[in-house]
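Record features, source TrEMBL:
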type: BINDING; residues: 13, 64, 74, 75, 175, 193, 194, 204, 205; note: substrate binding site
type: ACT_SITE; residues: 73; note: active site, proton donor
type: ACT_SITE; residues: 73; note: active site
type: ACT_SITE; residues: 203; note: active site, proton acceptor
């Protein structure tokens, strides 16, 4: 039987989605990478499987474009919530499991192809501060640098250099974010994603990390950030307990179904 697939994107961060509740999908690195290849496959920044979970509505498994199973993806999380909605799983509020724990999500609006999703992210107990950057884990590891004008940054070159540099190399590398402060509560972000090995139009965990780092850097009381990314606009909200601990973190933004199809039997 031919394998059905679906293509979604969140602010330009695009994914192949598979309903794998019956199991059996080939998750070999070569197969996933072939599907994500933009020249000879479906083409995507990553692939997600929606699977059964013993306690929650479903389980999200995320794979990077290089075929490797990876950590949490914020834009992917919003897309898989809309995907579950289109499959008739649960109501407007959904709880699902990911590699980093359990996530609560709310569908703020949705139709047959698109939606606005508020996704609960994990708590962040610490933001590491260095002279020229910040480091934190929002479900995926993120290096955050503040720059005067993010549009002038050579994200591909600098991101690739930092991504595997010390001390990140030993832990499999990091994602790299370049952040411009637009105003109090508004930032502009460009992200180099590990596993994609390129700049993406948006990175949800990166937008979240950048907003939290901006809050630490500014010391302001702002708890809601608008994050302008190459593919659109995302919104990050949080509560802050202490200087560097964040709870009730949410990422809000669009999710869009693009198309669906069937893979050739020998793909």
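We count from 1, first residue shown onward.
Glycine is treated like the rest: Cβ placed from N, Cα and C.
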Cβ packing number for residue 175 (substrate binding site), 10 Å threshold: 26
Spatially closest candidate among 13, 194, 203, the listed recorded positions, to the residue listed as 'active site, proton donor' (Cα to Cα): 203
Near-site residues: substrate, ref 13, 64, 74, 75, 175, 193, 194, 204, 205, CB cutoff 8 A to centroid: 45, 46, 73, 76, 140, 191, 196, 200, 203, 206
Assigned conformation of residue 74 (substrate binding site) - DSSP reduced to three states: helix
